[in-house]
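Student: Sending over a structure as structure tokens; questions will come in a sec.
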């Protein structure tokens, strides 16, 4: 703890009010946070009963309900009432909140008295002033005027004796009895009335004290009453048996008036204290309503409005309903526990500025408050103070301890600078993995000692990383991450800090001695001074190093063996790499060579072939967009609509500046349409390259990427002018205006006849089906051979593309899909071409991808009601580490009970219309509430080549009702069986199941047979029998579960009216915040699966697609299925070199 030197704490209004409940005179306690701060006083305002004066909010008296002590508060302001609202941006706190400092010179009491009265009260005064609000607060305390002993004797005299309590009879037997003495409430109420008449009405008449008279019945008699009346300036006359005012012949002095005023309010406190309606039924209404002083103090002292961090505390403070103990740290800063962080900072800065000798004390208080709250705001404040050399005592203590030294206090330091450095370097040698923390400790000592030598040393030797683990942590990867992935992640981190990313890779490259990472550094123009050492290797040593005995292993299996070996022994990565390289050279393996150079197995075709799709190059972490473009390209009607956009675009939106259209239930503005049209033209350009290029891969344009990923801002949509080309002089537009658009009234009929056409189509031969598809005539050149330029509707500058921070980041794939489909749907008009038998394609996108859901709610108050919703994808959640796709879909369509507030409703979901292409998104990115961070679920989802949706489609005729009931009943039975198994196999705190526990207990009981413990000799047998019972029941439950699952799996085998075939599998490898995307697509025509991995498109074995991915972070995040009767619209290979000019 820091050394304290006469603290002078500036107090907030809240703190000062709290302290008035504790202290009652000038003392050290006001500025001692560690002194007892328990509440002693509970103030109420003096009563104004019978007075006509208006309450003065700047000058008022209070009396304590506990001690009957008095508090006089006077507030002076130079410029009116200070603002007390919470500070806003650009308006300083100092202009709104008073900070009160105690004045050294105390004011004199404000009572003048010509003569000293034997009943005069003692008083003490204090004064505080606030420069921030130019206000002063003066407080005077006065002791209780009424003699405490006298009051005690009166109270004691009214208490019934023990004997009277024993002889007292029930009022039900002898009627109500009246005590010979008046109640205490009556006594104090009557006395208050006498004083009120004197003070308010100047009533100076004598008061008769005749036996059994009014005074005796209401006040009492005896020595104590006479003494009390004397203090109230009434003298008892024996001869006349009355009380005569002692001030009848002269006006009251100021001191007498004040004393009687104080006495009157003390009598009110006493009367309220002894008010008991049960003992005295005559008491009904309270003549003295209590007004607590807290609201008046809050108003007078300028308590601000603020967002309390402890609302319960604030409520109690404002209501003054209970004692509020405060932490010494808050007291040290002159605040209360509920002040928000911004106020904490303000008062902390005030204390430092006005009490520089005790800065460390206030820093300690701030550190303690941060430890209580753990807020980033206070953490940053502490960090900023650290840069100014202000460090808390506990941090200094910990810093010295870290270096193996005892903490010291200046200015006479026991350790020399050389000793400090010696301890620092010793600590680094002992714990190099904690280098950063140890350096921070040295810096802390430098600040504490105000040593420029230490601080300059720390600054001059600063590095981005001090351990390789820090490099891994900054990149957000694990130590076993492959070299190629390390380089990929580093490229992503370039956007945050390219220099730091390079430094991180250097650390990892040197720790692994990785040639891949050294080459990466060289490619970025940052070669490392270190180079990978050459490891001598021959063929025999290479196989032995990898632990491979079968030299006939294929290249891909050998690469997997190498990968596992590096993961298990990363410190040997260089030797293992040399072994794989040696084997690759001996085999002349193109696959191994490619893997060592690029870190993947995707070998591009050596020569572009018309039988192979073209890949898309990835230059900015846009692999997910590449996957999406390839997916849309293989859907023939969508591809044709885009390629023939000149014929299919919405001319009305081009020609009519006021035109609008609806997409997805919302209005599309003209600027949105023109932007979408430009996107479709850019996509057409890329599609043409995918068809005509002789290269194995092509590069998507930056404009296409920008338009696909970056939506219009709200301001751009409202303005309607951003980047829109002037179409009035467009030659292309004038040509379009000559065309006419025919709206086909039979569109609905064609859509309804879709199924019939499909049946007719299946009767055709493959050759006939192929001939029915016309080759697109691309408008690439006119009759004169001149190149035709692509029309421009929306201008995107290079500056816009380069300045877009989102362009190179991995976006949410679902958002990207929605944005791309929205632009395609917005740009297309009615399509007259029905060659793919999709009907009148007024809404091609919706016909392909959209279905309709029906949600039904059933509750007691409103009965059954339904609503419908269009969907383009279904999101399925992951419930277990392993599940089937049907299990995941069950979670979407299962009937559940939902809370509707006042009642519970049953909700069911079904499909009324199915899309041609069904898109299922697997919800892999989830949120960890403990860490507050997103994470990726790698749970395995088992899916097949086929998917039947019959069980999820609306059962309109009720024929499937019994089957559906059985389906869901089986699921509930399976869950009950699983719960029972879980109960039997639940582990205890030592991770032992009930069977293990019983087994150990049985062995222990058997070993105790010869001991003196009173153990039943049959206990081991009993326990073993119980073990057998548990094992037998678990086996039975597992068999039952397997049987029910088997029945449930095949329950709908004969229901295939709504059957789908697997079309595409979108895969993500990595974590929630980074990774790589690729897609598997099923080529139905050639019956192969291809892997679309950026520029590499390769045929893969289907086992790679359907493999169990448990424990692997490369897994599907979206599955798409196509209805069996529409497989003909998928054309994966569409190449034609002759179209290239």
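Cβ from N, Cα, C; glycine included.
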Student: Of 115, 742, 783, 1049, which does Swiss-Prot mark as phosphothreonine?
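Tutor: That would be 115, per the phosphothreonine annotation in Swiss-Prot.
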Student: Quick one: sort out which of 656-678, 679-701, 702-724, 748-770 is the region 'Disordered' according to Swiss-Prot.
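Tutor: The range carrying the region 'Disordered' annotation in Swiss-Prot is 748-770.
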Student: Is residue 1076 (active site, proton acceptor) helix, strand or coil when read with DSSP?
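Tutor: In three-state terms, residue 1076 (active site, proton acceptor) counts as strand.
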Student: State the mean pLDDT for the domain 'USP' (614-1124).
Tutor: 76
Student: Provide the number of Cβ atoms within 10 Å of the Cβ of residue 1076 (active site, proton acceptor), excluding the reference atom itself.
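Tutor: Summing over all protein chains shown, residue 1076 (active site, proton acceptor) has 21 other Cβ atoms within 10 Å.
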